[in-house]
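Peer 1: The structure's right below; bear with me while I get my questions together.
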């Protein structure tokens, strides 16, 4: 059965650490499924007319997380969408009520690879500390058990292209979504 038909329009939520490739992979996945693509961080910046960094600095992480939940609730009302979420979206239990209405895919990336990807990134407010490896390990420890609640886990290593990761996701979706049996199949 074709993956699109199997999905029946449900949303796909990409979760994982910052730098895991949620936005890059999400855009390609949405294209392949003929879905819309949303990035919750970009939506937050549009709604607030501030950068994520500025929200953290001027209003704090708690306010940011509240805005993030509001944005997630609004995008969850859409269908046929791939949604790249912020790395900490899993921390709020209310967010899980929205995520569970779709297919949750965790992009699992090693700390070593994340460090390589994020070493020169100055836009991430949670990475302002001097020891990037320690900060990433701490965030990973806080979130790993929550990420593990995903319907599907895709392990990403350095040698993979975004296209190959999307192909793996598309091949794996039928293993976690079972086709609905239609009543007329038994007539």
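Note that Cβ sites are derived from N, Cα and C of the backbone, with glycine treated the same way.
Features from Swiss-Prot:
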BINDING   19, 20, 21, 22, 23, 24, 124, 160  ATP binding site
BINDING   23  Mg(2+) binding site
BINDING   41, 65, 87, 143  substrate binding site
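I'd like these features described in context: how deep, what's nearby, how far apart.
Peer 2: Summarising the environment of residue 19 (ATP binding site), the number of other Cβ atoms within 10 Å of its Cβ, over all protein chains shown, is 20. Under the three-state DSSP scheme, residue 19 (ATP binding site) falls in the coil class.
In three-state terms derived from DSSP, residue 41 (substrate binding site) belongs to a helical segment.
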Peer 1: Pick out which of the binding-site residues 22, 143, 160 has the most other Cβ atoms within 10 Å of its own Cβ.
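Peer 2: Its Cβ has the most other Cβ atoms within 10 Å: 22.
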Peer 1: Near residue 19 (ATP binding site), which binding-site residues out of 41, 65, 87, 143 have their CA within 10 Å?
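Peer 2: So far as Cα distances go, the binding-site residues lying within 10 Å of residue 19 (ATP binding site) are 87.
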Peer 1: Is any of the binding-site residues 20, 22, 23, 160 within 10 Å of residue 87 (substrate binding site) (Cα-Cα), and if so, which, in sequence order?
Peer 2: 20, 22
Peer 1: Measuring Cα to Cα across 41, 65, 87, 143, which the record gives as the substrate binders, how far apart are the two most distant ones in Å?
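Peer 2: Of all Cα pairs among the recorded substrate binders, the widest measures 18 Å.
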